[in-house]
Amino acid sequence: MISDNVKKGVIRTPNRALLKACGYTDEDMEKPFIGIVNSFTEVVPGHIHLRTLSEAAKHGVYANGGTPFEFNTIGICDGIAMGHEGMKYSLPSREIIADAVESMARAHGFDGLVLIPTCDKIVPGMIMGALRLNIPFIVVTGGPMLPGEFQGKKYELISLFEGVGEYQVGKITEEELKCIEDCACSGAGSCAGLYTANSMACLTEALGLSLPMCATTHAVDAQKVRLAKKSGSKIVDMVKEDLKPTDILTKEAFENAILVDLALGGSTNTTLHIPAIANEIENKFITLDDFDRLSDEVPHIASIKPGGEHYMIDLHNAGGIPAVLNVLKEKIRDTKTVDGRSILEIAESVKYINYDVIRKVEAPVHETAGLRVLKGNLAPNGCVVKIGAVHPKMYKHDGPAKVYNSEDEAISAILGGKIVEGDVIVIRYEGPSGGPGMREMLSPTSAICGMGLDDSVALITDGRFSGGSRGPCIGHVSPEAAAGGVIAAIENGDIIKIDMIEKEINVDLDESVIKERLSKLGEFEPKIKKGYLSRYSKLVSSADEGAVLK
């Protein structure tokens, strides 16, 4: 066991003494050491309940002959960080979490890990850190939040972001907005739609890293506690079997997860996180081109918020990820999982599917996959749109650019009534390096939707979008403006041509004009010159490479 390096022999007498000071016994030291990686925090609703899950996981470890050690990572709530400088820290926090998991597990000689994340960057961050060690691990995602209800109608967090836009144009009163505020977020769990946190939980299960039904079992469901306990027991078996993550995370496993993502219409942020996770196994193991290639293989089969009417609870009751795998089984390749059964065995074991929620491949919600990669002179290395949440009339759109050099400038313009039908809003210098931190543009996209402009106005950015964004929102434009990308050359009035069916995005300018404009820009001046974000800005790769640190 790896932990023998910490606890075995006379030379480790001081090490054992320190463990005994924590209450561990000689008998405990004969067993596998299992790290319980918790991300409990009192400021994030997705993580407020994780103490209960960590206790259950520890019980499972003890019951099956292991010794658990709990430690914590940070966890940022994207919703609370949204719309201000705090959002610059969200994506960069993924790397801090990965470093923390790697450091703690290696320093203390853990033989295996139970990862307990919920929200957006915490799920990939923990997995990335654990992969660097290549020791057995299992993931217990914290589970979705139930939607709230007011006057017979269901609400969730995105209802409030869009509600701000509705209030601005007089669709609702301030009193009505306050009532929705008080009920929309019903308690513990990740936001109730297929946003980034739940998208990553679904893909974690599809990768084979969580037990079946873990992704969609809700935070307040006792089944989540039982899954945590079972996962604690399972990790001890995995350590004894030496089932390493690289035995599970093959190229085929990643492609399975991408197919599930495309079929469900998950968050565009998955195109950052899946390549970043794969990068811990091998450089460019999975790239944006894999999403592009696989998007031609599956249709969009589930109409889930923000692009549809259903919530995560509906997906769960329809059969969860096993049911999705069952529907896609002709495309899925067989791979190992932490469950002990293969991914296709799990798919074949499904007893019930609600085909009103999880459509058959031959009767999809949309013929095209839920995500689309676009390329052209505006984004030579690619950009991403959640086409499953776009009005069909905006699949193809040509319009004049209105250019803003930050999210804050754009929000002021939108709420100030400066955007009209047909416009293409361009928000730049918000990329991984330029932002820095690649902020999510949920506030401007929600304002556009709330004001009823989502079927006539497009938005493109080198930043990114919340999983809750809907409408013609095209993000991750690469190269970014700070790196001299073409998006930096766009001026007000330039015609932007978008064709989501043909996967193209271009600015109607001659190459000579683009080169001339870029040559006049000079070298990008970093916005932040000290602290973590200053270091991050210098080291981060482009969005098409997963925004990983070089």
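Backbone N, Cα and C atoms are what each Cβ position is placed from, and that goes for glycine too.
Copied over from Swiss-Prot, here are the features:
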type     : residues                      : note
ACT_SITE : Ser466                        : active site, proton acceptor
BINDING  : Asp78, Asp120, Lys121, Glu440 : Mg(2+) binding site
BINDING  : Cys119, Cys191                : [2Fe-2S] cluster binding site
MOD_RES  : Lys121                        : N6-carboxylysine
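It is 10 Å from the Cα atom of Asp120 (Mg(2+) binding site) to that of Cys191 ([2Fe-2S] cluster binding site). Secondary structure at Cys119 ([2Fe-2S] cluster binding site), as computed by DSSP, is coil. Apart from the site residues Asp78, Asp120, Lys121, Glu440, the chain places the Cβ of Ile76, Ala81, Met87, Ser90, Leu91, Cys119, Thr196, Ala197, Asn269, Ser466 no farther than 8 Å from the centroid of the site's Cβ atoms, the recorded Mg(2+) location.
According to its DSSP assignment, Glu440 (Mg(2+) binding site) is in a strand. Note: the CA-CA distance between Cys119 ([2Fe-2S] cluster binding site) and Glu440 (Mg(2+) binding site) rounds to 14 Å.
Considering only the binding-site residues Asp78, Lys121, Cys191, Glu440, the residue listed as 'active site, proton acceptor' has Glu440 as its nearest partner by CA-CA distance.
Within the same chain, residues at least 6 positions away in sequence whose Cβ sits under 8 Å from that of Glu440 (Mg(2+) binding site) are Asp78, Met82, Met87, Ser90, Gly463, Arg464, Phe465, Ser466, Ser469. Cβ neighbour density within 10 Å is lowest for Asp78 among the binding-site residues Asp78, Asp120. The Cβ of Cys191 ([2Fe-2S] cluster binding site) lies under 8 Å from the Cβ of Gly46, Gly79, Pro144, Met145, Glu156, Leu157, Ile158, Cys185, Ala197, Asn198, Gly468, each of which sits 6+ residues away along the same chain. Its Cβ taken as reference, Lys121 (Mg(2+) binding site) is surrounded by 28 other Cβ atoms within 10 Å in the chains shown.
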